[in-house]
Amino acid sequence: MSESPKDRPEDAQEDIHHAITIESQSSQSTQPDSLLEPSLHDPDDQKQEEKEKPTPPSKPSWKAKAWDIWVKNWFLIGMVVAIILARYFPNWGRTGGPLRPEYSVKYGITSCIFLLSGLSLKTKDLLTSAMNYRAHLMVQITSFVIIPLFVKAVTALIGLSTFNSTLLAGMAVTSATPTTISSNVVMTANADGNESLALFNAALGNLMGVFISPVIVLILLQGTAMSPSSDNHGLDYATILRDLGSTILVPIFVGQIYLYFFPGTIAWLKQRIHFPSLNSACLLILVWTVFCDAFYNDTFAAVSGGEIVAIGALQALIFWVMTFFLGFVARVRPAKIRMLKIMEINQEQEQEALENGNGHVPDKNKNNQAGLSLPRSRIQKFVEPMSKKDTVAVLFCGATKSVAMGIPMIKILYSNNAGSAGLLATPLLIYHVEQLFSGAFMVGWLKKWVARGEETLGSFDVTNREEPTSSSSVTAQEKLAVA
């Protein structure tokens, strides 16, 4: 009887081997995936993760801290250094000294400041600023009316004591001078304010000051021992106008012409030269020469330390009171200017009634109740909050005073009393220092304020309460909405 294939031992061994192979494969397939996948804790992966982890910032070195302080406050530090150098080396920067600052600084450095302004400002921006009547009125009225009246009241009260009368007269002279020129423009630009508006107001104020400032001095000091003599109050207007033209107007004009014809070259220069920093450096040179003259002539030796501190405190108070006043007027928002809008509505409706020939004038009380919404009118534009950039320019121009105009005016008005000229100039120099330090402090804060953008100040429109019933009312509203 023959054997079947299954009964052969070779076939049985093959079946057993096949069964073992299948079982081993199935056992491998049932193992967890974690055993089949590569290890998550591979050393190379750990190194990669360590590299990707953000390293904690290291503490800056003292050199980095010092550099950061210098970058943020270099102008203030520079003013301190300029005053110290003027104190110990006054001969170098005094009028008539080796550097002849009456020519090199007066015409060279000052012209450089306004040449840079002319290269930086677009003609369109200057023309737009020239039409900003509200800002001009705020700055010039504050400079020539409000501050002199405020100082007159303060000095009248202090004059009742034994305070130095010449210093008080110097405060009056300081209050009569126009706004300063160079520092206004430089600091407004550094604070990202409306540089063209500051430039226009500075030039306008100094042009007006040529004629107005001497008159204000005569009015404030009339009847006092320090009143200028009647035969000695004539200013050399031709010389002052020539200086203003050659140091301000001509450089601005040249800069504007060059910017118009060579805009690519100016853009290339701006990438390599930081114009605001160069302007600030020029201003430091002006400060240095002013104090060289003051220390060389022993201006501060004629008064006691207590009187200088008192004058400084009073004038700092005046500066900050006027600055906050200007800021309030520039940014205050009336709760409602409803009556102004109602007046405009009534005027429009009356005009339409006359044009239509029906002679019917709508009921004003009814329109008052309707409270129609109007766009910004000319009156509203004049009383609504100013932009932040315009406000910065007003703050830097309104409360500052010009040494460049004040010192020559003192020398001319008191040419027969040269001994008092230095003492009269002391309050002006102190005020000049205070406004420079205050302005440098304000630049950083105002720059951050401007960078935050314009806040939503709310609508001036009055909420509608009922629909107007007369056709003329609707027409007036439609016409005003388009205006």
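Cβ from N, Cα, C; glycine included.
Since the structure is predicted, the reported quantities are computational estimates derived from the model, not experimental observations.
Per TrEMBL, the feature compositional bias 'Basic and acidic residues' maps to 1-20 (among others).
As annotated by TrEMBL, region 'Disordered' applies to 1-62 (among others).
Per TrEMBL, compositional bias 'Basic and acidic residues' is recorded for 39-54 (among others).
Panel annotation: around the transmembrane segment (69-89), residues 280-281, 284-285, 287-289, 291-292, 294-295, 433, 436-437, 440-441, 443-444 of the same chain, lying at least six beyond its termini, place a Cβ under 8 Å from a Cβ of the stretch. Annotation source TrEMBL lists transmembrane segment at 69-89 (among others).
Taken from TrEMBL, the feature transmembrane segment covers 104-121 (among others).
Residues or ranges marked as transmembrane segment in TrEMBL: 141-160 (among others). If one looks beyond the transmembrane segment (141-160) by at least 6 residues along the same chain, the residues whose Cβ comes under 8 Å of a Cβ in the stretch are 168, 171-172, 174-176, 178-179, 205, 208-209, 212-213, 216, 220, 314, 318, 321-322, 325-326, 397-399, 401.
Sequence-distant neighbours of the transmembrane segment (166-186) (same chain, 6+ residues past either end, Cβ-Cβ under 8 Å): 110, 113-114, 117, 139, 143-144, 147-148, 150-152, 154-155, 158-159, 195, 198-199, 201-203, 205-206, 208-209, 212-214, 216-217, 220-221, 224, 226, 248, 276, 279-280, 282-283, 286, 303, 307, 311, 314-315, 318, 393, 396-398, 400-406, 409-410, 413, 420, 423-428, 431-432, 435-436, 439. Residues or ranges marked as transmembrane segment in TrEMBL: 166-186 (among others).
The annotation transmembrane segment is assigned in TrEMBL to 198-220 (among others).
The annotation transmembrane segment is assigned in TrEMBL to 240-261 (among others). Residues of the same chain lying 6 or more positions beyond the ends of the transmembrane segment (240-261) and with a Cβ under 8 Å from any Cβ of it are 106-107, 110-123, 126, 181, 199, 203, 206-207, 210, 408.
Residues or ranges marked as transmembrane segment in TrEMBL: 273-296 (among others).
Among residues of the same chain six or more beyond the transmembrane segment (308-330), those with a C-beta under 8 A of the stretch's C-beta atoms are 138, 142, 146-147, 150-151, 154, 158, 163, 167, 171, 174-175, 300, 385-386, 390-391, 394-395, 398-400, 426-427, 430-431, 434-435, 438. Annotated transmembrane segment per TrEMBL: 308-330 (among others), in sequence order.
TrEMBL lists 461-483 (among others) with the feature region 'Disordered'.
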